[in-house]
Structure formats: C-alpha cells, structure tokens
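Report on the following structure.
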Amino acid sequence: MARALNEWLWQHEFWLPPGITWEDMQESEDVHYPQPRDLLLSIPFALILVVARCAFERAIALPLSSKLGVRDKQRPKAQPNPVLEAFYSTCCKNPGEGELISLAKQCDLPVRKVERWFRRRRNTDRPSLSKKFCEACWRFTFYFISFFTGLAVLYDKPWLWDHRECWTGYPQQPLLPSLFWYYLLELSFYWSLVFTLPFDVKRKDFKEQIVHHAATIFLISFSYCANYIRIGTLVMVIHDASDCFLEPTKIFNYMKWKKTCDILFMIFTAVFLISRLVIFPYTVLYNTYYYSMEIFQPFFGYYFMNALLIILQLLHVFWSCLIIHMVYKFILQGTMEKDMRSDTEESDKDEEREKIREKEKNGIAYFSNVTSNSYIQRNGSEPLNNRTHLTNGHVKER
C-alpha cells in the first residue's frame, strides 16, 4: 500500500508540465536537478538551528539584555492552591463567573480572591521581557544573515533583474550549489520555528503564524520538488527584507528606546507595505500566473503553487491592516501604539484598578473623619486628639 501511495504521489503529471516526465529530469555528471529526497536534510539541520538558538540566547542574547537595561517586571505570584491549580491545568485558564463562584465555595474564599489568583497565575505563564528580547535577537540575526545571503546568491542571476528568466528552459533548469544551500537554510529555519512553536512567545495572531509557517514549508518544499527554484528564491528574499527591520524594532521597544523604535517602525512599515503589497504581487504572483503560461500549459503544480502564494498574500493583507492601524494611531497620538498582537499582562490594568479602589475607599474614610471633626468644632466641641489635659485639670490647646 505504501508503494502504491508513493507511486501515485510522484506521478509526473502532478509535478511537471505536460510533455515532461521524470526521465527527462535525470541527472548527469555535469547537470544536477532538485531531488525530493534532498529535503530530508532540512530536519537534522533544523535541530542544529534549535541547538544553536538555545546557545545563542543563553550565551549572547541574555547577557546582552541585562547590559542594555532590559528588566523583567516583578509579578506577584499566586498563592499555592491545589484545587485552583488543578482546575487551571485541566479545565480552563480563564473561568467564567459561574465557575468562579463554584471554585470560591470549594476553597472557602471570596470570589474576588479567586479571580485574582487566576489572573496572577495566567501572568506567571506569560513570557518575560528578557525572553522576548532573546527571541527577537535570534530572529534578527537569522533574517539579517539570510537576507544578505540571498542577495549574495542572486545578485548575478538573470531572473533577479528580468523576471521572465524564471521560466527560461523550465523545468530543465540545473540546480546550482549556492541555490541548494540557500533553500536548505530557509527550509531548516522554518522547520525549527515549528519545533519551537510551543515554547515561543505566543501573540494574538498565533493561528495566523501557524498557517504562515505551514504555507511557507509547503511552498518551499513543493517549489523545490517541481523545480520552481527561481521563483522560490525571489519569494524568500522579498520576505526577509522587511523582517530585518521588524525584529530590531522589537528589540529597541524592549529597551525603552522609544524614538529609535518609532523610526525603525516607520521604516519597517514602508518596506513591508512596498515589498508585500507591491513587489510580491507583481514579481511573484503575476509572474507565476501569467508569464509562466508563455512556456507551458497549466497543470496541477501550477494551480497548487499559485494557491499557496495567494494564501501568503492574504496573510500579507491581514498583517498590513494591523500595521496601518498602528501607523494611524502613531500619527494621531505621536507615539507608537503597543503591538496589537501582543498579549498584555492583566495585572497592568486589573491590579492597578484594585489599588485605585482601595485608595478611593481610604480617601473617603479620611474625608469623613475630617468632616466629622469640623462638624464637632462648629458645635463648640473639640476632638480629643486636639486637646491635652494638664495635671491641674485645665486644658491646653495644641
């Protein structure tokens, strides 16, 4: 059954244009074509990147964060409570009002204390500022290396300057060693992101990030097997261009360098919108949809490749809307709004509200004491704390 499935999966009709078979893609001593089995190398390389990331964050990024003044916020810890901890771990991290009342009865605690316990427990699971800093440093290092590696690999390639060259001789386009290693680097990195996904900083666009990683891995893998190498290299360079500015924006934000952060954010916005909404549709989407038809007739790989590229473009539009909204707030308020994808700590608002309520109550009590003393004074009496009794029975004013 596995053999039959393998034969069905690798039918040349799925991967190659009409009139081309796998026999036409046989390698020789001088000519090498992409082989699907080469993609298996990305898994061990991804594990190597995970180990390299752990070493980088511990040996370089974490000490750098302390030297640059990145300090983790002191969070109040939730008191140990087996009942609440069991509910938090197995049932729900954010219980509703009915569940809070039920848990309060089980623990013989006020509902407000149970609510506060869950709030503090959730904050404990949120990533610290130093963790965010280390992750941003690692990604910036990779995107910087990857982007300039892509430029070094492609600067002398004809399809970088004339996009019709992507289809010259397709699919019988020899695979250059530099393109192979560039592909392997990118694919291994996205596999490493998948491996570390449960441990990375989770933001509000977590689901969109999963879709993005999956679409990217499928896109890189399929483009390699179908020898869409030239288009794939353009996609990777375009994506890395804006990411080189996104990560340092985060880094300076964690360092509280607001002006530098705002400047980098505006540069990132310009690069992102131009590269993802202008260059990518014309250089890649229009290229694969229209120019490729001058060389071959549509086949399964043509439709599948374009579908993956459209998914990426829809994600570009989604993130562009978030970025434009932040820029709009920046223009109105004069300062960059906090990343809309970030999950803010609840204590930043809820704990302060409780403190304000307590201060207001104390202020009301103090005000009532003052007014009662004034009322007594107006009626000819003195509060006891304002009078001192002498030994001879007289009273002395303070």
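The first residue you see is number 1, and the count goes up from there.
In case you wondered, yes, glycine gets a Cβ from its N, Cα and C as well.
Please treat TrEMBL annotations as automatic predictions, because they have not gone through curation.
It should be emphasised that the depicted structure is a prediction, and the values quoted were computed from it without experimental measurement.
Among the ranges 180-199, 220-239, the one that TrEMBL lists as transmembrane segment is 180-199. Within the model, the domain 'TLC' (131-332) carries an average pLDDT of 89.
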